[in-house]
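Report on the structure given below.
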Amino acid sequence: METSQSISLAQNLYCAEQLQRSEARAGELAGYSLGQLMSLAGRSVFEELERIVSVGASIAICCGEGNNGGDGYIVARLAHQAGYKVSLYALNAKAELKQTSHEPAVQARRACRELGLEERPLTDCTANDYDLIVDAVFGIGLSRPVEGALAEWVRALNKSRVPVLAIDVPTGINADSGCIMGEAIVAQVTVTMIAYKRGLFTGASPGHVGRIVLADLGAGKYFERLEQPAWRRVTENPYSWLGDRVAHSHKGTHGHVLIVGAGPGMPGAAILAMVAALRAGAGKVSVACHPSNVGIIASQQPEAMVHGVEAPEQLNHLLNAATSLVVGPGLGRDEWGYKIYQACMAVNTCKVIDADGLYWLAQDPVHSSQLILTPHPGEAARLLKCNTRDIEANRFEHALSLHNQYHAQIVLKGAGSLISSTRGNWLIDRGSPAMASGGMGDCLAGLIGALVAQGLAPAQALTAGVYWHAVAGEVAGSKAPRGTLASDLMPIIRKLVNGWIPE
Ligand SMILES: NC(=O)C1=CN([C@@H]2O[C@H](COP(=O)(O)OP(=O)(O)OC[C@H]3O[C@@H](n4cnc5c(N)ncnc54)[C@H](O)[C@@H]3O)[C@@H](O)[C@H]2O)[C@@H](O)CC1
Ligand SMILES: Nc1ncnc2c1ncn2[C@@H]1O[C@H](COP(=O)(O)OP(=O)(O)O)[C@@H](O)[C@H]1O
Ligand SMILES: [K+]
């Protein structure tokens with residue numbers, strides 16, 4: 001799978017279980033006991049703390065009963081010794097640490113007591129009394145929802161404007177899925193230990209983790225030798241896949257995208273896909289739509305060729321001429337839409353299927369690596385015959401299921417888009433909430449279609465398309481996220497497919 005065209009600069013992502021299984025061995029290979037790893041973890045967090053607040057600042061360190069809390073006690077001792085005003089809060093101030101806790105945690109807690117740092121119950125911690133809160137309540141050991149008084153405390157903490165430094169994973173975030181379990185802390189910075197946990201980058205996490213800092217404790221490289229990452233995070237611009245245009249190229253060199261959609265009264269989605277395909281560099285773009293929409297679509301962009309098709313037979317010559325198809329934008333769920341969809345599915349040309357195309361696919365599943373499916377969670381639920389909540393509860397597993405069931409190239413869209421493809425499983429955590437507006441998906445479908453037309457393999461086109469679409473959304477929405485439109489992405493997509501890298 002690793003070819004010269006694979007993404008070289010990507011980060012490996014892991015599950016909590018992999019950390020639990022191999023962190024001790026990785027530490028051993030690096031020359032550290034688990035206890036020493038914990039001391040290093042505490043020190044890394046303390047170093048980040050020093051970057052956030054100056055000596056003398058008031059800090060509340062909130063500790064659970066496991067090893068995440070253990071890291072917290074080490075931070076508390078270091079911060080106290082360095083001259084910070086430290087207040088300690090414990091989930092269970094009277095109880096001893098769990099028996100599974102490492103010795104340095106026990107020692108650090110004892111040292112804190114000897115230094116006169118009295119532990120108070122966590123729910124007594126009022127965030128506004130402090131300059132910084134250190135969240136050492138739960139890390140990868142979170143095993144059930146945060147409930148009751150603790151959940152109330154988390155809600156109050158989130159309402160305050162006090163910055164939070166989370167250790168390993170913000171309390172309440174599931175490190176594997178990125179879901180909130182009950183209630184979750186919103187952190188400004190998360191210092192995560194040894195390796196990146198996959199759940200930090202998708203689901204609810206983008207709103208909770210803040211800036212992520214990896215503290216690999218010297219054991220990261222050994223850990224990566226012991227454990228295979230099922231997912232990798234794209235961190236490199238994939239422009240080299242497309243490369244510069246050859247000087248003697250002509251429009252025929254850059255492929256012909258056919259957008260199939262725009263049923264009666266629904267021209268907008270096809271227009272967006274069409275413009276995105278043109279701006280992403282397709283040599284030619286045609287639209288096959290219901291005859292009633294020809295005038296309005298043709299008036300949007302004179303460079304596109306717009307064809308009204310009443311019956312599927314009229315599509316044949318267009319299908320034969322296309323290098324890639326985008327099937328579904330505004331296609332509709334009536335008989336016309338179904339017949340047009342069926343005609344598209346009868347040809348082997350690589351197809352991006354989105355929107356109503358996915359609706360029809362869910363009725364009658366097809367398996368092919370020449371299909372690129374771009375569902376949002378609602379569409380994914382229909383394809384997998386479950387509900388949207390099931391999808392969001394475990395985005396990773398459902399992206400894999402879609403790939404396995406349809407043998408297709410899949411992106412499960414949303415904050416932290418997941419790609420499961422014949423070129424592996426990739427996470428793209430670019431993009432922004434500015435993109436939460438109608439039409440963004442149509443723009444993505446057209447962009448991917450244009451990349452296929454220009455010669456990228458389906459899985460590459462999908463990965464590059466999702467990446468550039470998300471970056472374009474970030475750029476378009478950076479100054480004024482509300483009111484950002486899919487149309488605003490078009491000129492930025494044009495720059496990105498020409499190698500532009502935003503600062
Ligand atoms: N093992 C190691 O080598 C290292 C571990 N480290 C730290 O250790 C953490 C993992 O430690 P643990 O496995 O002890 O797990 P945690 O400290 O994350 O929490 C587990 C404890 O919390 C309880 N718990 C879980 N969910 C709860 C809920 N909703 N309400 C109430 N109690 C709940 C569990 O019963 C268990 O006692 C990592 O996240 C990291 O911060 C770091 O020190 C690096 C080294
Ligand atoms: N909060 C967000 N963060 C990152 N990307 C987002 C966010 N909200 C939406 N997007 C992206 O915008 C696009 C929306 O697509 P979709 O839901 O199909 O829109 P539509 O059907 O209205 O065109 C997806 O690519 C999605 O990943
Ligand atoms: K934590």
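Here the Cβ of each residue, glycine as well, is placed from N, Cα and C on the backbone.
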Per TrEMBL, member of Asn67, Asn68, Asn293 binding K(+) alongside Asp135, Thr171: Asn68
Annotated companion of Lys413, Gly414, Ala415, Gly416, Ser417 at the AMP site, TrEMBL, chosen from Gly378, Gly441, Gly446, Gly449: Gly441
Additional residues surrounding K(+), by Cβ distance to the Asn68, Asp135, Thr171 centre under 8 Å: Cys62, Gly64, Gly69, Gly72, Ala136, Val137, Phe138, Gly139, Ala166, Ile167, Asp168, Val169, Pro170, Ile185
Cβ within 8 Å of the mean position of the Cβ atoms of Lys413, Gly414, Ala415, Gly416, Ser417, Gly441: remaining residues of the chain near AMP: His376, Val411, Leu412, Leu418, Gly431
Integer Cα-Cα distance in angstrom, Gly70 ((6S)-NADPHX binding site) to Lys413 (AMP binding site): 37
Where Asn68 (K(+) binding site) sits in the secondary structure, as DSSP reduces it to three classes: helix
Candidates Asn68, Thr171, Lys413, Gly441 (binding-site residues) - the one closest to Ser143 ((6S)-NADPHX binding site) by CA: Thr171
Lys413 (AMP binding site) and Ile140 ((6S)-NADPHX binding site), Cα-Cα, nearest whole angstrom: 25
Most Cβ neighbours inside 10 Å, all chains, among the binding-site residues Gly70, Gly414, Gly416: Gly70
